[in-house]
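Per TrEMBL, the features are:
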DOMAIN    173-268  domain 'Ig-like'
DOMAIN    357-429  domain 'Ig-like'
DOMAIN    459-552  domain 'Ig-like'
DOMAIN    561-657  domain 'Fibronectin type-III'
DOMAIN    659-754  domain 'Fibronectin type-III'
DOMAIN    758-846  domain 'Ig-like'
DOMAIN    855-951  domain 'Fibronectin type-III'
DOMAIN    968-1052  domain 'Ig-like'
REGION    1050-1080  region 'Disordered'
COMPBIAS  1070-1080  compositional bias 'Basic and acidic residues'
Amino acid sequence: MSELTGLFVVKPESVTATKGKDITFVAKVDSSNLLRKPAMKWLKGKWLDLGSKAGKHLQFKETYDRNTKVYMFILIIKVVDGDAGGYRCEVTSKDKCDSCTFEVTVQEEQQDNILEAFKRSEKKQQVVQEEVDVWEILKAAKPCDYEKIAFEYGITDLRGMLKRLKKMKKVEPKKSDAFLRKLDSAYSVDKGKRIQLSVEVADPNAQVKWLKNGQEIKPSAKYVFESVGNKRTLTINKCNLSDDAAYECVVGEEKSFTEVFVKEPPVTITKLLDDVHTVVGEKVEFEVEVSEEGASVRWMKDGVELNRETAGSKYRFKKDGKRHILIINEATKEDIGMYYAFTNGGESKAELEVEDKELEVLQSIADLTVKSAEQAVFKCEVSDEKVTGKWFKDGVEVQPSDRIKMTHIGRIHKLTIDDVKASDAGDYTFVPDGYALSLSAKLNFLEIKIDYVPRQDPPKIHLDTSGTGNKNTITVVAGNKLRLDVEITGEPAPTVCWMKGDQVVAEAEGRVRVETRKTLSSFVIEGAEKPDEGHYSITVTNPAGEDKAELFIKIVDVPNPPENVKCTSVGEDSAMITWDPPAFDGGVPVKGYLMERKKVGSSRWTKLNFDVYESTTYEAKKMIEGVLYEMRVFAVNGIGISQPSTNSKPFMPIAPTSEPTRLMVDDVTDTTCALKWRPPEKIGAGGIDGYIIEYCKEGSDNWVQANEEPVGKNQYRVKGLPVGEKMLFRVVAVNIAGRSPPATLSQAVTIREIMENPKIRLPRHLRTKLISLVGEKVNLVIPFQGKPRPVVTWFKDGIPLEDKTVGTRTSEVDTILFIRSTERAHSGKYTLSVQIENMSDSADIHIQVVEKPGPPIAVHVTEVWGFNAALEWKPPKDDGNCDIIGYTIEKADMKTKEWFMVYEHNRRPSCTVSDLVMGNEYSFRVFSENICGLSDEPGISKNTAIITKTGLAYKPPPFKEKDISSSPKFTAPLVDRSVVAGYATAISCAVRGHPKPKIIWMKNNMIIGEDPKYLMQNKQGVLTLNIRKPSLFDGGRYSCRAINDLGQDEVQSRSWPGPGQVSLTAFNKAQHDKSPSPQP
């Protein structure tokens, strides 16, 4: 629990505020003893968090003083009537907290006489009269009298006065008959939390409905309804922004209203901005960290907002989880200022200071003393390669000529004067452009007059290598510059020769060169490289003698990257990584290594160690099982860190499986043992590559692996075992992570085959006759037992089975008989025999292949009497290889030829057909039936049965054909139509007549020909004229005429005078939409 401590330096105080004005509350918190930034909450009452209501009405600000380490939290309220009440602010930081309370009282703007505000501003002298209370008059008056009262008492702002009057009236709350306690006016809940809305009803048995924004809520996991006695509760789980709505509880006709506010926690700044001090041209990053990922952060500079539209290429904005970064690519003096980062729950600021980049002089120019006709070289080196400059002599700019040359190579500036003259003597100055800096040196001209024979001193090399460790050994870091100044003495001036091995180092421009002055010889290597390493010698000679010195220059560098980085083993959340030391250590012993890892597909590397790790084997931990990782390693020596090694092959942290389960012996012979088991209970992400089976003699620990490669199945037969020995067996699961713990048999197994008599276990459905249809497939699996493995033999009808269409296949425990497509020839008795030496067992299987029978033969009518007929027939020649179980008899009248069922399942080959119709002649047919069904073809009677009526003869009258010829006559007229232009239409009528009349369509008494715009149809006398996409031109009178040999007729129009005409009027769609339809 948080400890209540005094964190506040300044607490907010209670105030009395005027409505419409702004009030400010300030709270200051001392953070000098806090480990992290304190969190501030402003609350109204007991529960309403003001952080979710931020806006124009409520504003929150926050500042931080780095010197005093005091946070200042500010709350600004624009006062309204609802702001009156008690407030509380709470500050928390890890295990410490503090709180304080304050009150806000809201009052109206005071006026001496509030009624005067609503009256005219210009007043005339009034007669002193008795004071009248207009408020009481308005309260008692009817609304229709308000204007009259305002005019009488000089009130101009009647609307404002009535608003105030409405507030003054006290409205008594209506007493509810259904509710004992209604919902509160509003509720507030944090996002993701649970809230309960409860009411109390008068009737304990009353049913309530809960509504959200007017829609009924159905009970679910999110909305839970509870009813206990008179209390009704709605529980909303895991509130989100969609639950911020109006809710109602309905009992009968009465309702109770409330509003639920869902608060989103404000996004606060957890890591503040830091001030930045930099130089021109450098990259600047402002980084701020917020409390939630995906939050919006607004950047500003000196009150001006920075965004992607206005920033251009000057600024870049970067998001990385909770981190937000503002990047300034190349800082300039214009970027100096205060930068702000804003969220909806806080802000942070930092200052950027940009200074001009100082120019560093790496080598200044030196005074020179030269003789006539010699060469003078002034040289200096500055830190910036881009800097240009000018040379001056005695304050006058030096101009280049054939004798005077100025060069600028990289960071080196040179002034070369050939064939020096006395006039060249003076003060020379180099001034870099844009910098308040100058480098000066003096050129002295020396005139030599030889008036005497000079003294001769032997040359001497003064070489000091005392600070380089080993004697005469100089160590240089690769890429750095070596300048070795060697003092030389001797008279006359000796000649200097530098050599690397047998090669002379030339005095010329170049990366490796020699610079010689009178008493100083400088050996220079620009950007030392590994080939520069070796033995060097300096030899000085003059007429008085010679001196020589040798030295060794050693080039050291960062080491090469480590090699052969690989993963040798993995665990559930770890992996063992090994690598080889770098092939080249840089000339300095390797101190250790730094390791990094990343997920495959990601570009973000994670450091695994910050202190140098000396071994070449490392166990990487805290990884996720089943995720692919890559590793790389850096080598570290005294010079620095190498480039990263090549990435290791991807590897996946995987734990070995648990041991296999339910290991048991399945079979034992004289030299083999069959084992079976179940997969491990815990497999993990690596799966199972297979199983390894091992065995050893009882009492020995020398386990022998039975299989060279892991087996994928859950069973294995170990072969080549010694007869009679007691053996132990165990099984190990293998995957990429290695071997699992072994599953071992609890008892040893004696390797000796067990004798077992042969026995056939015939399935129950094969103990009776097996009936199959022709063409079906037969597949019989018959298990048997016996040890050693029995010899299996199949017989058909007592003869060994040799039919190639019948196949057999035998395993150690069963045999299979299969027929791909049965034929009737496959019927018979099949005998299975299993035999071990002189013991045997056999079983018979009867197979009957059947098909539909043929038709009955010799079907004939034997006798006809009255309304009856007797039939007889003979059984079919082909019974389908099974018994005939009945016959089906049908009859047919010779006039209609339609067949009707008479009998079915008739057992005997004869029957009597009754209830025949007098005067009709009948034919009969018979189908045979077996277990496969009716025969495909029937047997038809050779003769017929005629049912005659004795003594009566019917003489029908002669048939007289009726004349149905008639002239055409329209039975349905044409109807006027008004259509919209562009929409297909049709007009129809109906006609009758024989012979079929010829139809002629006319428009405005003109025959319509083969115009593709019109489609004329005649279906059973219904005539239709289809007009495709009519236009205004298609309007007119249409008529239809029908003509045959007996006459003609035209359709009559009821709406228009004249025979057979109809009006078709077309309108444009726009005109049709605006105007009423025309009347005919």
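From the backbone N, Cα and C atoms, a Cβ is placed for every residue, glycine too.
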Where DSSP helix means H, G or I and strand means E or B, what are the helix, strand and coil counts for the domain 'Ig-like' (173-268)? 3 helix, 49 strand, 44 coil
In the domain 'Ig-like' (758-846), how many residues does DSSP put in helix, strand and coil? 6 helix, 53 strand, 30 coil
How does the domain 'Ig-like' (459-552) divide up by DSSP, counting helix, then strand, then coil residues? 6 helix, 55 strand, 33 coil
For a three-state summary based on DSSP, what are the helix, strand and coil counts in the domain 'Ig-like' (968-1052)? 3 helix, 52 strand, 30 coil
In the predicted model, what is the mean pLDDT computed over the domain 'Fibronectin type-III' (855-951)? 90
